[in-house]
Amino acid sequence: MGLQACLLGLFALILSGKCSYSPEPDQRRTLPPGWVSLGRADPEEELSLTFALRQQNVERLSELVQAVSDPSSPQYGKYLTLENVADLVRPSPLTLHTVQKWLLAAGAQKCHSVITQDFLTCWLSIRQAELLLPGAEFHHYVGGPTETHVVRSPHPYQLPQALAPHVDFVGGLHRFPPTSSLRQRPEPQVTGTVGLHLGVTPSVIRKRYNLTSQDVGSGTSNNSQACAQFLEQYFHDSDLAQFMRLFGGNFAHQASVARVVGQQGRGRAGIEASLDVQYLMSAGANISTWVYSSPGRHEGQEPFLQWLMLLSNESALPHVHTVSYGDDEDSLSSAYIQRVNTELMKAAARGLTLLFASGDSGAGCWSVSGRHQFRPTFPASSPYVTTVGGTSFQEPFLITNEIVDYISGGGFSNVFPRPSYQEEAVTKFLSSSPHLPPSSYFNASGRAYPDVAALSDGYWVVSNRVPIPWVSGTSASTPVFGGILSLINEHRILSGRPPLGFLNPRLYQQHGAGLFDVTRGCHESCLDEEVEGQGFCSGPGWDPVTGWGTPNFPALLKTLLNP
């Protein structure tokens with residue numbers, strides 16, 4: 001059957017399922033641990049589905065990202081506006097017409113788009129959705145630490161073949177909400193009392209990374225930062241105020257968030273949400289802070305997609321965004337990963353600095369055809385984000401040199417090839433490291449991460465008005481590094497320079513200047529006889545455990561202030 005035949009009678013094709021294809025044949029549909037099915041959804045129940053429409057000029061977008069992010073380029077710092085990006089990538093008129101005609105034929109009338117017109121979110125009944133997407137069968141599920149309810153399909157969906165050039169994927173069918181990987185570790189044993197700290201607080205962060213009481217935002221510049229939250233949990237203003245009363249006495253700070261984008265619920269505060277806000281606002285002290293709250297409260301929504309669509313619908317955004325979200329690369333479809341990567345590319349073109357946590361499972365581990373391999377995570381493995389690993393103090397109660405935090409995520413992507421900006425650093429690591437795992441465990445030619453690191457072990461957090469000690473994870477290191485970059489943006493903006501934007505090309509060109517090199521320790525991996533739980537190990541220069549290292553603020557400011 002030819003394309004013209006497929007285009008004729010779309011509604012009949014929806015009903016018959018003929019002349020169809022699967023956009024996400026490789027999407028994992030196994031039920032994540034901790035989730036249970038509650039049975040079929042009511043046919044008249046409504047859900048929302050997000051249609052990712054095919055974009056134009058993605059290769060040109062990639063070239064522009066390189067041009068505006070490379071300090072040696074005459075285009076460096078000349079970022080695109082949202083309108084520029086929209087003009088470049090907006091779906092073709094044929095794509096817009098074809099998809100809209102198909103949706104209208106199926107009775108989908110409650111739809112809204114974004115400025116770039118490349119996402120379309122529609123509300124449909126379950127009955128309509130199952131007719132629209134042959135093969136889909138929607139069930140209720142409950143799971144996660146907060147007993148979250150979602151509607152998902154355990155079966156693959158199909159689209160009419162006529163839509164193959166026009167739709168990348170449909171969101172809201174398979175992917176389950178992320179879960180927090182934060183750990184609360186046992187308190188280490190104290191062996192002395194001189195010069196001790198009793199856990200990581202803002203004063204410990206500021207001392208270790210050489211931030212003085214004067215290293216805060218001016219409160220007068222057009223500078224802002226943001227964190228994004230997807231775990232159906234919230235921060236509380238009262239917790240932030242108490243945290244600053246307890247730990248913010250030695251530096252100027254803001255005790256409230258400037259703006260919440262999305263839904264801010266009234267339930268109990270979440271530790272991860274509290275951690276993100278409290279340490280972004282204490283490292284990037286006295287800088288206007290936004291919180292993107294995309295909890296995915298409606299059962300059909302994918303909260304990470306919601307956040308990406310918010311970025312595509314706001315012309316004026318904070319310069320630095322920190323995100324503590326990730327999934328195993330192998331759990332996601334190729335169509336989804338490639339499209340999300342393009343969204344991250346769009347943000348880089350606009351001069352946004354996106355920082356993602358590297359994860360808290362070391363190198364990870366899974367079995368492929370009976371053999372163990374390391375397990376990279378995404379979006380940490382995207383070549384268009386700066387990924388943050390984790391460290392611990394060499395002496396747990398002393399502000400000393402840092403070593404690897406054994407949970408710090410890192411490794412090599414199985415999806416994205418190594419970007420040119422890190423070719424020299426990664427090649428040097430692979431040729432000089434004395435402790436490389438067997439080559440069968442990782443893809444040595446893939447995008448390597450993390451890029452940088454910060455302390456990730458033993459934080460104090462205030463949640464539901466209770467100070468909680470020994471919270472650990474790269475969800476802690478990421479907002480700390482983000483706040484420090486916001487302070488550098490403050491100096492750049494006040495001196496008439498553009499914000500840092502996508503950092504990696506510059507970071508790798510400067511070979512770790514302005515960072516403390518972390519050279520001791522290894523992270524965890526597969527518990528088998530061959531690697532015995534050990535992944536990669538840190539060493540001089542860049543490594544796939546702590547990247548280039550942790551921030552030394554005065555030196556990093558000097559390195560990144562010009563041009």
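These residue numbers are counts, starting from 1, taken along the chain as shown.
Note: Cβ is positioned from N, Cα and C throughout, glycine not excepted.
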Among the candidates Cys365, Cys537, the one bonded to Cys522 through a disulphide according to Swiss-Prot is Cys537
Could you identify, going by Swiss-Prot, the member of Cys122, Cys526 that forms a disulphide bond with Cys365? Cys526
Cα proximity to Asp543 (Ca(2+) binding site), best match among recorded positions Asp276, Asn313, Cys365, Asn443, Cys526: Asn443
In whole Å, how far is Gly541 (Ca(2+) binding site) from Asn222 (N-linked glycosylation site) when you measure between their Cα atoms? 35
On the domain 'Peptidase S53' (199-563), the mean of the pLDDT values is 94
Check Cys122 (disulfide bond) against DSSP and tell me helix, strand or coil, would you? strand
List the residues in the vicinity of the Ca(2+) site, defined as same-chain residues other than Asp517, Val518, Gly539, Gly541, Asp543 with C-beta within 8 angstroms of the site's C-beta centre. Gly512, Thr519, Ser538, Pro540, Trp542, Thr546, Trp548, Gly549
For Asp543 (Ca(2+) binding site), what is the secondary structure state per DSSP, taken as helix, strand or coil? strand
Using a Cβ-Cβ cut-off under 8 angstroms and a sequence gap of six or more, which residues of the chain neighbour Val518 (Ca(2+) binding site)? Thr391, Glu402, Ile403, Val404, Ala453, Ser538, Asp543, Val545, Thr546, Gly549, Thr550
